[in-house]
Amino acid sequence: MEFHRPLLANGKIAPLSWEIRLFFLNVNWPIKEHAKLFMRVYHQAMLVLGFLFFCYTNEAEMHYLVNHIDDIGLALEGLATYLILVEAHLRIYNKGFYQASFKNFLDEFYQNIYMEEYLDKETYRDIQRKLLPTKMCSYSYILTVVTYFLVPVMGFFQHSNLVPFKTIFHYDLGIWYFYVPTLLVTLWIGVAVVSHLSAESNLVATVILHLNARYLHLQQELKELQCKLSSDMKISTDRVLGEYRLAFIDIIKRNVQYNEFAQKFQKQYSFCIFVMMAFSATLLCVLGFKAATLGMTTKNITFITWILGKIVELLVFGTLGSTLIETTNNMSSCYYMANWEDIILKSSHTLDNIKLMKLITLAIELNQKPFYLTGYNYFNVSLATVIAILQGAGSYFTFLYAFR
């Protein structure tokens, strides 16, 4: 498959971590702009076929859920995988059906926002260190799907035709020419779900961290400009004023660029964040209930690993979202504290002073409101939201456990 590879500002191919490369196992990563006709047709065909596979498996899991609605244990076991499947289905095809905008978003991120190591080694290493918890989520999700894939293997030794998930199909899986294609479809579904959830989590965390680093660099430049201004004021006020205004204009331009990218980031991931947050409380409740009722069994590993991965993922996103909110909230204060009043007090050029004051006012107005990454303005990606979701999951769990 001729996958699209975004380029850095220097024209080199952007480095993609193995977690983000998991997108390549899916149907929603865009292909090259000038890919061959056969590859474009094949890619679109796989996109449609994958969508049908998801719908087919969704229906089979719903059939299982309806048939066991009187048994809360079996019903919730089916509901757990059903919720995961529906969430992944929505998130995968949100990207799959809007690949052009996703491709443009990736290109802009790696060309204008991505902090390369040579720019600031310390910042780059700090970003890589903060990505470790998200990488651990990927391991947790992969371990979960491996436990599901062991189900048909165990069925083989027991002379039983089993598929990884709790499903009821409208035909006899005991017939091999029905069973083999069904098994392959469900295995592909498992790979598609885990590869997308892992890759998207790492990509979103990467974007947040690099965007936050860019804002922090702007704040650092403002502080350095303030220090330089204080030392140069004794030499020539007119020269300092000109240099200061030019440097200030450059910082504001980049600030506007980052703000515009942040809005594109919001538009690109608003739906995915809404789906992830909306499903999280119910999913954690169901998984927690199954983990509590199964006790210390090998089957329980499946639920525990996914619970751990999901909770860590939510906490990571909440922490990163709160950090970005705090950083963008501090931008206006950094402009206000940039020592610009010293120039105005010592400069006799009224028109230049007015221009500088207008620049300061513009910069402060541009950053009056901090940036919130939201799901359709309903969920804010912040630590407070994540805690509320976990509390909600705990309340649902208490109700279900008492109902049992």
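Placement of Cβ uses the backbone N, Cα and C atoms for every residue, glycine included.
The following features are taken from TrEMBL:
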TRANSMEM  37-56  transmembrane segment
TRANSMEM  138-156  transmembrane segment
TRANSMEM  176-194  transmembrane segment
TRANSMEM  269-289  transmembrane segment
TRANSMEM  301-325  transmembrane segment
TRANSMEM  378-403  transmembrane segment
Residues outside the transmembrane segment (37-56) whose C-beta sits under 8 Å from one of its C-beta atoms, at least 6 past its ends, are 1-2, 27-28, 31, 85, 89, 92-93, 96-97, 185, 188-189, 192
Do the transmembrane segment (301-325) and the transmembrane segment (176-194) share at least 3 Cβ pairs closer than 8 Å, excluding pairs fewer than 6 residues apart in sequence? no
Spatial neighbours of the transmembrane segment (138-156) not adjacent in sequence (6+ beyond its ends, CB under 8 Å) are 19, 22, 81, 162-165, 183, 187, 190-191, 193-194, 197-198, 201-202, 301-302, 305-306, 308-309, 312
Report yes or no: does the transmembrane segment (269-289) come within contact of the transmembrane segment (378-403), defined as 3 or more CB pairs under 8 Å with a sequence separation of 6 or more?
yes
